[in-house]
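Notes follow once the structure below has been shown.
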Amino acid sequence: MAKKFLIPLAATILFTGLTPAVGQADQVSNVQKEIDRIKKESQAAKGKISAINQQINSVQAQQQSTKEDIMSIDLKMNETQAKIQELDKKIEETTASLKEAAKQLQEAIIRVEKRDKLLKTRVSAIYEAGDISYLEVLLGSQDFSDFLERLDAVKSIVDQDVTILEDNKRDRDIIAEKKKQIEEQLKSLKAMQAEAQQLADQLEAQKQERERILKELEKQEGELLEIKEEQEKASLELVNQLQAKIEEQRRAEEERRRASSSDAGSWSPPPVHSGGQFVQPVSGRISSPFGYRVHPILHTRKFHDGTDFAAPQGTPIYAAAEGVVASAGYMNGYGNTVVIYHGNGLSTLYGHIRHGGIVVSEGQSVSAGQKIAEVGSTGRSTGPHLHFTVIKNGQKVDPMSYLR
Ligand SMILES: [Zn+2]
């Protein structure tokens, strides 16, 4: 993973205009140097966070395209599957029709065979009788009534022979037609089976392609998790730096106050949170609590580092306790964010503030319940809500233990 960050130069110096009294000037300037150092460090941390953000965006864009690839291959696979089903149905129909044609062919052959046999026995009977023709039968009649009887008999034999011959001709036509039909159907069946094989191969290739893409997606997920962990560390680092900066500023003010007795009493030290209950930062129901949660679809465990309060866009957000604004601006996945330091290593973070919704600035002292911002949906957010994180000595803790 590339780790290139921009380190912005020249951080603005907060207390440059002040001139401490001689004797304590060195101490004050040392504190000021420390503040400047921390400021540079936090600028670097901010740069690091924004570089990580770019990485996250790029991996997420890759993921989006990978997901689209999966969708497109799923659609292709559906198509192939539908073609295979259609073909299977056709093959089944052709096979049934082929079986029926074969049965009809067999029956026609049997019928012809039977008739041929009948004709043969009749012909051989005539031969056995000594080459007697129909005419001879008629000429051999005793009298006219005998002649009529014989004529009737001969006529019926002739009729039967004609019927047999005609039936045979019809059946022979059927045989020829069925043979041709079977030949054609066998040919098309063969073609269909080849096509089915081709489609099955295609489906298998698509399956393998899908597996490959899924693995790619998994890799990207892992990468993203890694980057996010890094981002998490960087943003905590930043909050710690901001806390240290405020502590240093407090010390600087105290030194300065001791140095110049003239304006004693005009300065009050930044407030320190006594450890009591917080003010509710926004009015809204809890939509997602602090802690691990399982993604409903992906079934992946994810750590949620704060409490989410669902509230309409523009709802006022209040400082949970008195303190100093340590940071006010865009911060990684939290979007527009305010961080307030309450002293004693305790900070609160308010995320997803609407564009233009921050009403305090860095270094400003705020009292408990003072409006600091308005609810929005900036950063990684799906709808307007306040993401509220409590940081105690560099650890993210459950905000509810301060709110109940
Ligand atoms: Zn949240």
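Every residue, even glycine, has its Cβ placed from backbone N, Cα and C.
What TrEMBL lists as coiled coil is 28-115.
Under the heading compositional bias 'Basic and acidic residues', TrEMBL lists 249-260.
For the domain 'Peptidoglycan hydrolase PcsB coiled-coil' (111-178), the DSSP counts in helix, strand and coil order read 59 helix, 0 strand, 9 coil. Feature annotation from TrEMBL assigns domain 'Peptidoglycan hydrolase PcsB coiled-coil' to 111-178.
Summarising the annotation, TrEMBL assigns domain 'M23ase beta-sheet core' to 302-399. Confidence annotation: the domain 'M23ase beta-sheet core' (302-399) carries a mean pLDDT of 92 in the model.
Look at TrEMBL and you will find 249-280 tagged as region 'Disordered'.
The annotation signal peptide is assigned in TrEMBL to 1-21.
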For the domain 'M23ase beta-sheet core' (302-399), residues assigned helix / strand / coil by DSSP: 3 helix, 58 strand, 37 coil
